[in-house]
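Taken verbatim from TrEMBL:
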- 260-352: domain 'Transglutaminase-like' (DOMAIN)
- Cys268: active site (ACT_SITE)
- His326: active site (ACT_SITE)
- Asp349: active site (ACT_SITE)
- Asn389, Asp391, Glu439, Glu444: Ca(2+) binding site (BINDING)
Amino acid sequence: LAATQPSTNWHLKENAREHHTSKFSSEELIVRRGQAFTVTFNGTEKPEQNLIFLAETGPKPSKATKTLATFDISSTVSKEGWSAVLQSTSSNSVSISISSPHNAVIGRYRLSVQIGSSSPTSLGTFVLLFNPWSSGDDVFMPNKAECEEYVLEEFGIIFAGNKNHISGFGWNFGQFQGDILNICLSIMDRSLYYRQDPVTDVSHRHDPKYLGRVLSAMVNANDDQGVVLGNWSGKYEGGKNPSSWTGSGEILQSWKKSGFKPVKYGQCWVFAAVLTTVLRCLGIPTRTITNFSSAHDADGNLRVDEFYDADGNHLERGADSVWNFHVWNESWFTRNDLGPSYSGWQVLDATPQEQSGGIYQCGPASRYAIKEGEVDLDYDCPFVFAEVNADCMYWNYDSATGKKTLIFSKSTEIGDSISTKAVGRDDRVDVTSDYKYEEGSAKERDIFKKARKKLGLEDKFDPTAPTQEEIEQKPDISGKFKVAGSLEVGKDLDLLLVLENLQSDAKTVNVNMTAWSTLYTRRPVNEIWKDSISVTLAPKEEKQFPIKIKYPEYQQQLTTDKTIQVTALCHVEDGIQVLVKRNITLDNPAIDIQVLGEAKVNKEVVVEVAFTNPIDTEVKDCVLQVEGSDLLQGILELRIPPLKASEKSSTKFKLIPSEAGLKHLLVNFSCDKFADIKTFKMVNVIN
């Protein structure tokens, strides 16, 4: 027999086209499970001799753990295991079509061939991924346009702001760029599960439920030195401000380059975006979901408590909180552990909020189970159910006496305008009705009771809960804040406090008002303004009180989340207190991108970015950051000279697109007065 080392032709182009892996830029074969791929190798003198193939993965491959397969040439594709079908032979080379089972373990495989009785010879390595295009796969997604969006699309829009004012920003997932696949494979090999028992961990890697849960733990740094370190302090020294990232590539590359030290810093959308990149890369259809007025129910009673002092200041008391928005993931796969109706979209959340099974991981929770109140099903359904359904209780807390008094409770506050990007378009789609029945409907309240019952909350006396009497008390007045001008950083903030007397006798009201800059989690950071007024309202009278907070008053205090909470605590004589509050998210000024000329593959094209300083003082430390998969490598950073009041800057730079199709360019502009002004532009690249 010839002792020469066989050389292998992996038919990279053809296989990649068949397997929807052409976007990876790799010299290694990348294919999807449950589907045939072709390999040609030479160095065999008599190809018709009995050839036995070995495909193995993980540290200790074995047939028992399905991490080792041996198979010979057969005439048909095996229904169960791996198989090889002879395509063609020549004098010294053999072409084989190799098929893996639909439930094969994913990851990097070593392929070798044994010719006759000689010892096996290596043919090289290939990577096997999930296959949403194949009906036998747990991640099968019948709609091809959805496969394109949720597996192959490298651009996303993440929604943020608050429920009165939803905004979106672009994100470059970049799952096919450079070394990202290898980094995703090393994430799996660094998990606690792998470190504790590598053999068992690898044998579970056929299961998207298992990998989704493991990766939700690995994307945050808690417990396992995972990818991103969270920081919700408002101070980001020693790292990057979470709002300054524009894509996952830089984060994943930094994690690898630093010797796998957690990258500083992330907040919810960063964790969700990185998890989207990793799961799309591995072939699990995934998207980001934004929930507005999202509850963090720390004590599992389906209730969040907020506390205010007599002046209307929002107190940081207790572990519960309501965030202006929270971003998590949905991934698409079957739930053979629960039954067919629970298959489809599954919630995963990589933001480290509460421990599950002793570590910071969350999901997969079946979205259908959440909607139906099936909170006893795996995994972490009670936490996710509370994020979209918890009841809100607002208390007045007296720190001198420790006494708390219920101001009011609301069951329709939490889980609003749940949003995701549309398939194939840059639009917002509302998916609230996939998480719950219509707010305030009898069905929705029944599901809430069902969930409480399953959690054992219905029969248990809760000393912290308000009495029925407290819940049913009726206020004498109502109030709201109205926005009277534009909500833009750099402009004065004009509001109206509207108070209405609901009774037929006059009421005297003492109103204590505050405005605080907050994080998007509504955590108060700096006091901006306070005032108090005394008002007499005639029977059934409505009065408006204008409030102006000037830009210089809030400019120094504003966080990069650009959020302000205004509160008016109304003390009604001989009546119950009324709390009026509003969370305001300010918009950044606009920035404009123009592509000058036609974008063609491998040809230079000029892009112009324009920004006008909207305020009457100079802005300095101006930096422009640009990225976009297939439009430029990595991140382009440009320094821009200071801009005087009302001055316009125009910056030009060149791109050389590397691939045709609809691509997205993401731009982030920052200076000392404005943080992270983001925009994106679709660029149609032609051949």
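Cβ coordinates come from backbone N, Cα and C, glycine included.
In sequence order, the binding-site residues near His326 (active site) (Cα within 10 Å of its Cα) amount to none of Asn389, Asp391, Glu439, Glu444.
Burial estimate for the recorded positions (Cys268, Asp391, Glu439, Glu444): highest at Cys268, by number of other CB atoms within 10 Å. Using a 10 Å Cα-Cα cut-off around Cys268 (active site), the recorded positions Asp349, Asp391, Glu439, Glu444 reduce to Asp349. Contacts of Asp349 (active site) defined by a Cβ separation under 8 A and a same-chain sequence distance of 6+ are given as Ser216, Phe271, Ala272, Trp328, Asn329, Cys362, Gly363, Asp380, Val384, in order along the sequence.
For His326 (active site), other Cβ atoms within 10 Å of its Cβ number 26.
Counting only same-chain residues at least 6 apart in sequence, those with a Cβ under 8 Å from the Cβ of Asn389 (Ca(2+) binding site) are Ala295, Leu302, Ile414, Gly415, Lys436, Ile447, Phe448, Ala451. Apart from the site residues Asn389, Asp391, Glu439, Glu444, the chain places the Cβ of Val388, Ser411, Thr412, Ile414, Gly415, Lys436, Gly440, Arg445, Phe448 no farther than 8 Å from the centroid of the site's Cβ atoms, the recorded Ca(2+) location.
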